[in-house]
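Single-structure report; data block below.
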Amino acid sequence: MYCAKLILLLGCFWISSSASDPADPLLVDLPNGKLRGRDNGNYYSYESLPYAEPPVGDLRFEAPQPYKQQWTDTFDATQPPVSCMQWDQFIRGDDKLAGNEDCLTVSVYRPKNSSRNSFPVVAQIHGGAFMFGGASQNGHENFMREGNLILVKISYRLGPLGFVSTGDADLSGNFGLKDQRLALLWIKQNIASFGGEPENILVIGHSAGGGSVHLQVLREDFSKVAKAAISFSGNALDPWVVQQGGRGRAFELGRIVGCGQASDSVTLKKCLKSKPASEIVSAVRNFLVFAYVPFTPFGPVVESPDAPEAFISQHPVDIIKSGKFAQVPWAVTYTTEDGGYNAALLLEEQASSGREWIVDLNDRWFDWAPYLLFYRDSMTTIKDMDDYSRKLRQEYLGDRRFSVESYWDLQRLFTDVLFKNSTEISLDLHRKHGKSPVYAFVYDNPANTGIGQGLAQRTDINFGTVHGDDYFLIFENIVREPQLRSDEETISRNFLKMLNDFVLSENGTLAFGTCVFQDNVGSSKLQLLSITRNGCENLELESFP
C-alpha cells in the first residue's frame, strides 16, 4: 500500500524549473501558495515549511498525511524550525523535555550563485539516537560557503511519539521513518521551485540519521526519490537501530502515563492519544537504567506484514539478502573511536558520590552491559545474556577492572559492538547481494574537542576520533570548537566536493581528494578508504582493522 501511495504522489507532482520570481528570489510559489524566505548574505533560507499535517490529535501514532492547507497570505519562511518533542540527552539537569509535537517541516537553503540556474540537492536526516535532536542541531555555514548545493533539512517524530510500537497492525510504529519518507517525496516534488534539480538528490545522515538513510535505501522505491545516499556512523544493522521488545515497552509506556488498563493495542493507542504529549515524552526517563542509558529506548522496528503502510516488514539482513532494495549508490562510514558515544558518559562524575560511572561498572556490568550495548531484548535467556556479557568483558578487559585507566579498552568495545562490526557486516551483505556501487570509509583524525568531552564533562581525557568528528566538518555542532584546524579545513572542503561530485555522477563514482573509492560490489575483499589528517588511502581487507 505504501508503494502504491508513493506512485500516486509521484504522479501528482507540480514541478517548476526555478524559483518563482527571478527578480525576487525570496518569494517562492508552491502548490499551497506563496512563501517568503530570508537573505543570509551568501545564501537564501526558506525555513519551517510544513510537508505533513500536524501529527496531533487523531493523527498521533499514525502515518503522516501530506500537507494540504492553502495559504491565503504569504507564508513566513523566516522562522527557524522547532524540534520535535523529545527527552534530550544533552540538556543538563533532570528536566530534559524540549520541542513541540507539531514539528513536521523541512528547511531549504539555496546558494547565491549567479553562475548557475539550478543546483543539485543534499537532503539531510539529523541524528540523535531516534530520541532527540533536530534540523537546527547542526549548523550549515560550512556547507553553504561553497555555493554549489541546495541543502534541505528534515524534521521527523522522535522517541515514543515517533517509534512506539506494539508489533501489530494497530500500533505498528516507525512513524518517524514514514515522516522522513514523506519529506523526501516533498523534496522531489517541490525542490525545483527553489532552483533545485529533482533528478540530482543525495540523501545523507549521521548516527541515527545514518541508520535512517540506510533504512530508506532498503525500500525498493527509494530510487524514485533520490539518486544516491551516504550513511555516516550509523546503518540499519547497528544493534541500537532496529530492536526487539517494542511491544513490552509500548504497554509499559501506557502503564506509566495512566493507560495501564489497556490489554490490547487498539485500547492502548486510543488511551495514549488522549494523553498530553509532554507526559508521553517525559515518560522516557522511566526507561533509562542510569544517566541516558540505553540511549535508544524507542526506535525502528520490524512491522507486522499486515500493518497498513508498513515501512519495513522484514529484518534489514533479510531485506539485503533478498536483493529487494533500492539499487542506488550508497556509502557507509565509521570513525576509529565511534564508541565514544556513549562510552564517554561513563567517565562523568556522579553528583551524589563523586565517582565516575565506570567505577560502578565493576559491580554492575551484568546489569548494565545489555542496556549499554543493546542485546537485552535479543537474548533468549538470562544465561545467554550473562554468558555474552562475560565473553565481552574477558575479550576486551581480561582480568582488569573498569577504570579511567582502562577506558580506552571499554571504548574500543563500544566502537566494535555498536558501530564497526555492523558496518562491516552491512558492507559485506551489500557487496554480495547488491548491484549498484557500495563504498565505505573510516575516519581517523581527532578533533580538539568533540562529543567525548561533552558527555564526560571533562577535558583531561584523550578520546581519539569519536562519533561526529568527520560529520561536524560538514555541519557545525556545538560539541566541538567552531574554528577548524588547517588540516580540518582541507578535509571539510574535500567532503563538500565529495558530496557535490557524488550527486552529479552519472555512474555513481565517489571520490575524496585525490582518492577514488573502490566499489565493494563483486569484490572478493572489503574495499575501505582510510581518511586521516595526512590524506587518504584505499585499503583492501579481509576484515576491518
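Backbone N, Cα and C atoms are what each Cβ position is placed from, and that goes for glycine too.
Swiss-Prot lists 1-19 with the feature signal peptide, giving sequence analysis as the kind of evidence.
Using a 10 Å radius centred on the Cβ of Cys84 (disulfide bond) and all shown protein chains, the other Cβ atoms total 31. According to Swiss-Prot, the feature disulfide bond maps to Cys84-Cys103 (among others), an assignment based on similarity to another entry.
Applying an 8 A CB threshold to same-chain residues 6+ apart, the list for Asn113 (N-linked glycosylation site) reads Phe119, Gly147, Asn148. In the three-state DSSP scheme, Asn113 (N-linked glycosylation site) falls into the coil class. Swiss-Prot lists Asn113 (among others) with the feature N-linked glycosylation site.
Note on Ser207 (active site, acyl-ester intermediate): other Cβ atoms within 10 Å of its Cβ, all shown chains, come to 29. Annotated active site, acyl-ester intermediate per Swiss-Prot: Ser207, in sequence order.
The disulfide bond annotation in Swiss-Prot covers Cys259-Cys271 (among others) and is backed by similarity to another entry. Within 10 Å of the Cβ of Cys271 (disulfide bond) there are 16 other Cβ atoms, across all protein chains. According to DSSP, Cys271 (disulfide bond) sits within a helical segment.
Summarising the environment of Asn421 (N-linked glycosylation site), the number of other Cβ atoms within 10 Å of its Cβ, over all protein chains shown, is 17. Annotation comment: Swiss-Prot describes Asn421 (among others) as N-linked glycosylation site, evidence class sequence analysis.
Taking the Cβ of His467 (active site, charge relay system) as centre and 10 Å as the limit, one finds 33 other Cβ atoms among all the protein chains shown. Residues or ranges marked as active site, charge relay system in Swiss-Prot (evidence: similarity to another entry): His467.
Long-range Cβ contacts of Asn507 (N-linked glycosylation site) within its own chain (separation 6+, distance under 8 Å) are none. According to its DSSP assignment, Asn507 (N-linked glycosylation site) is coil. The feature N-linked glycosylation site is assigned by Swiss-Prot to Asn507 (among others).
Under the heading disulfide bond, Swiss-Prot lists Cys515-Cys536 (among others), citing sequence analysis as support. Secondary structure at Cys536 (disulfide bond), as computed by DSSP, is strand.
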Practice task
Going by Cα-Cα distance, pick out whichever of the recorded positions Cys84, Cys103, Cys259, His467, Cys515 is nearest to Ser207 (active site, acyl-ester intermediate).
Solution key: His467
Fill in the blank from the handout: Note: among disulfide-bonded residues Cys103, Cys259, least Cβ-dense neighbourhood at 10 Å is Cys259
Fill in the blank from the handout: Asn421 (N-linked glycosylation site) sits from Cys103 (disulfide bond) (Cα to Cα, rounded, in Å) at a distance of 34
Exercise for the section: Provide, as an integer number of angstrom, the distance between the C-alpha atoms of Cys84 (disulfide bond) and Cys271 (disulfide bond). Expected result: 21
Completion exercise
Note: in the chain of Cys536 (disulfide bond), residues six or more apart in sequence with C-beta under 8 angstroms of its C-beta are Phe512, Gly513, Thr514, Cys515, Leu529, Ser530
Problem - Integer Å distance between the CA atoms belonging to Asn421 (N-linked glycosylation site) and His467 (active site, charge relay system) - result: 15
Handout entry: C-alpha spacing of Asn421 (N-linked glycosylation site) relative to Cys271 (disulfide bond), in angstrom
Key = 40
Problem - Secondary structure at Asn421 (N-linked glycosylation site), reduced by DSSP to three states - result: helix
